[in-house]
Amino acid sequence: MAVNIRKAVIAFLVPLPSILFYLSFLGQFRDHPSITAAGDGNSLSPLWIWCYQHPLLLANALFFLNVNLIFWIIGLLQSSHWMIDLYWTVIPLLLVHFFATHPLAECNLLRSRLVIFLTLIWSIRLTHNYFRRENWQWGAREDWRFTDMQRQYGKNWWWVSFFAVYLSQQVFLMGICMPLYVVHSKNKLFDIWDVVASLICLAGIIIAYYADTQLHTFVSRNNELKRLGQPMVLILDKGLWQYSRHPNYFGEQLWWWGLFIFAWNLDFGWSFIGALINSMCLAYVTVLVERRMLELEYRADAYRQYQKTTSVWIPWFKTTYSGGKDKKI
């Protein structure tokens, strides 16, 4: 309990440097409302003027200093880089509020409020799933991919982790969150495409929630069966998992592509790069996850059959299942 409380306190305190700095910047701007993008406001320091003129660079600078450096140092001290996994669910929410409140923000108020609301729901869903998966513990374990990389790089992991765990996450997260910046950089009338984007985002959240809930129920049931010494169910192929081997990944992709439609409708079509990279990363993760499943000898045959009959991502009707649907060990 003491360890859990200590980690919770660390998690709450660690983003404070960025939050306090940004609030201080907003306070300076409120005290000098005459400042413009040209740099007027003679009583302001060059630092505050730069923060005013470069919102996207400021967001990246805060990410680098607070997440990359501070999270990395704390991760080294704890011998676990668990915090980036937890904050993956929070950083987009922090970013959308940053972009919405920056003095240079320009947006349609309805679109802005809608995107903020959707991001909040997405964050709550993912954060809830994180704690449910970790039995409501803070930092009980780090991402298994980081653990595998630590074994791979050995004594060099202390410095490799800065690039592999943190700097790469900055490039990735700032890329996929670019639509959140775009929404708050252009004022255009709310139209049907905003409705389409909202429905796609909402569908992604709902699909991911139900898929993760079904997976959690499956894992919990198997853990209980194992504890009782009874045969475990080999494959989850009920509910959404009957139509897709990774419906949770499909839902997550819908969310990010829905955000892209918001940006595309504002004439920032190039922001598709973030959603595309996310899909490519999930494709790679899918390969790793399925490889791990096949390495488990007791369920390898059943999973191979599951692969042959069930779509990878996009839900589709199952082909003929040739046995083993309720196969147990």
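Cβ coordinates come from backbone N, Cα and C, glycine included.
These come from TrEMBL:
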TRANSMEM  9-27  transmembrane segment
TRANSMEM  47-74  transmembrane segment
TRANSMEM  86-105  transmembrane segment
TRANSMEM  157-183  transmembrane segment
TRANSMEM  190-211  transmembrane segment
TRANSMEM  268-289  transmembrane segment
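Remark: the transmembrane segment (268-289) contacts the transmembrane segment (157-183), by the rule of 3 or more CB pairs under 8 A. When each of 9-27, 86-105, 190-211 is scored by its Cβ pairs under 8 Å to the transmembrane segment (157-183), the top-ranked stretch turns out to be 86-105. Sequence-distant neighbours of the transmembrane segment (9-27) (same chain, 6+ residues past either end, Cβ-Cβ under 8 Å): 48, 51-52, 62-63, 65-66, 70-71, 74, 83, 86-87, 90, 94, 98, 101, 103, 138-139. Using a Cβ-Cβ cut-off under 8 Å and counting only residues 6 or more beyond its ends in the same chain, the transmembrane segment (86-105) has close neighbours at 11, 15, 22, 26, 29, 35, 37, 52-53, 55, 58-59, 63, 67, 71, 112, 115-116, 119-120, 122-123, 126-127, 130, 138-139, 169, 173, 177, 180-181, 183-185.
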